[in-house]
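Novice: So Swiss-Prot lists the following for this protein:
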type	residues	note
CARBOHYD	N99	N-linked glycosylation site
CARBOHYD	N106	N-linked glycosylation site
DISULFID	C132-C196	disulfide bond
CARBOHYD	N134	N-linked glycosylation site
DISULFID	C139-C179	disulfide bond
TRANSMEM	203-228	transmembrane segment
COMPBIAS	259-273	compositional bias 'Polar residues'
COMPBIAS	296-307	compositional bias 'Basic residues'
Amino acid sequence: MRCKFLGSFFLLFSLSSKGADCRDSGTVWGALGHGINLNIPNFQMTDDIDEVRWERGSTLVAEFKRKMKPFLKSGAFEILANGDLKIKNLTRDDSGTYNVTVYSTNGTRILNKALDLRILEMVSKPMIYWECSNATLTCEVLEGTDVELKLYQGKEHLRSLRQKTMSYQWTNLRAPFKCKAVNRVSQESEMEVVNCPEKGLPLYLIVGVSAGGLLLVFFGALFIFCICKRKKRNRRRKGEELEIKASRMSTVERGPKPHSTQASAPASQNPVASQAPPPPGHHLQTPGHRPLPPSHRNREHQPKKRPPPSGTQVHQQKGPPLPRPRVQPKPPCGSGDVSLPPPN
């Protein structure tokens, strides 16, 4: 009997001492948008436990009492059989200090614990990008609270930084790079193999060459356009010149026709001129003219004299030649009568 009493005394003393130790506050981390269980440290539910109370500040959020229905402030809370408090779908408003108190069946408080709940946003998958011109690699994460970035090359840890962006200038590319983003509620990682040429062209040189090529194409197109326009203008000018020449030639061809018609008119009016020439041996004699004597014919066949020198002015007679007067031969000496040639 005495041993049983001593055992009960030591059990109560140990429970009360544990409750005193649990008064020290602890920190619990929760992920935004996810659920969490607030565990009672160093506690195990037994038949001697009569009541478990969870309070946030001075507000009761959940209560377990033996032989009674559990009390829950809202559907976001749930008290489990082991006394833990479950919070569903955490929001930033759920952060704060939660106090848990445990009572025994005889009404003695055997445990009192304060838990500080902090809500963190989970990290997103990091991104790796690099620039070959300056041999720089950058690791970046877009989402997450209290993020720490860790960079590895192969199995070698290169550096760590507590921020969302980290840059590193490499010296070799013998192994792939791995970027790891972590916080107290999540972690994500990404690995990339960096490929760069041995000697990369500077960015300004690439931009300059591209701009020069565009200018060359522009001026080439402008030159071709000007040449085509000039050829078209020359072709139009040549066409106009050909039209002018053709109109002039047609005008010249039409000009002599009236003269030819005028010349043909007298010919048609003079039937004698239009007749066929007489046969050889037949001499056409004009009426009223007689053949000249032989002496006069010989005169006509004599060579003509040279024209007078240039100093003297020669008056040329216009129109047809005038008829010459008849020359009668002198009568022979001794004959008193003048003999006339017989009429034809």
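For all residues, glycine too, the Cβ spot is worked out from N, Cα and C.
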Novice: Check the glycosylation sites N99, N106, N134 for other C-beta atoms within 10 angstroms of each C-beta and report the one with the most.
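Specialist: Output for this query is N99.
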Novice: Considering Cα atoms only, can you say which of N99, N106, C139, C179 is the nearest neighbour of C132 (disulfide bond) among these recorded positions?
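Specialist: Going through N99, N106, C139, C179 one by one, the closest to C132 (disulfide bond) is C139.
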Novice: Give the number of CB atoms, excluding that of C196 (disulfide bond) itself, located within 10 Å of its CB.
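Specialist: For C196 (disulfide bond), the 10 Å Cβ neighbour count is 13.
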Novice: Hey, how far is N134 (N-linked glycosylation site) from C179 (disulfide bond), Cα to Cα, in Å?
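Specialist: With distance taken Cα to Cα, C179 (disulfide bond) is 20 Å from N134 (N-linked glycosylation site).
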Novice: Rounded to a whole angstrom, what is the C-alpha distance between N99 (N-linked glycosylation site) and N106 (N-linked glycosylation site)?
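Specialist: That comes out at 21 Å between the alpha carbons.
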Novice: Can you tell me the CA-to-CA distance separating C179 (disulfide bond) and N106 (N-linked glycosylation site), as a whole number of Å?
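Specialist: Cα to Cα, C179 (disulfide bond) and N106 (N-linked glycosylation site) are separated by 57 Å.
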Novice: At the level of the C-alpha atoms, what whole-angstrom distance separates C196 (disulfide bond) and N106 (N-linked glycosylation site)?
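Specialist: So the Cα of N106 (N-linked glycosylation site) lies 76 Å away from that of C196 (disulfide bond).
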Novice: When DSSP is mapped onto helix/strand/coil, what comes out for N106 (N-linked glycosylation site)?
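Specialist: Once the DSSP labels are grouped into three classes, N106 (N-linked glycosylation site) ends up as coil.
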Novice: Can you give me the Cα-Cα distance between N106 (N-linked glycosylation site) and C139 (disulfide bond) in Å, rounded to a whole number?
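Specialist: Between the Cα atoms of N106 (N-linked glycosylation site) and C139 (disulfide bond), the distance comes to 60 Å.
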Novice: Compile a sequence-ordered list of residues in the same chain as C139 (disulfide bond), six or more apart from it, whose Cβ lies below 8 A from its Cβ; state 'none' when nothing qualifies.
Specialist: P126, M127, I128, L149, L151, T165, M166, S167, Y168, C179, E190
Novice: Cβ neighbours within 10 Å, counted over all protein chains: which one of the disulfide-bonded residues C132, C179 has the most?
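Specialist: It comes out as C179.
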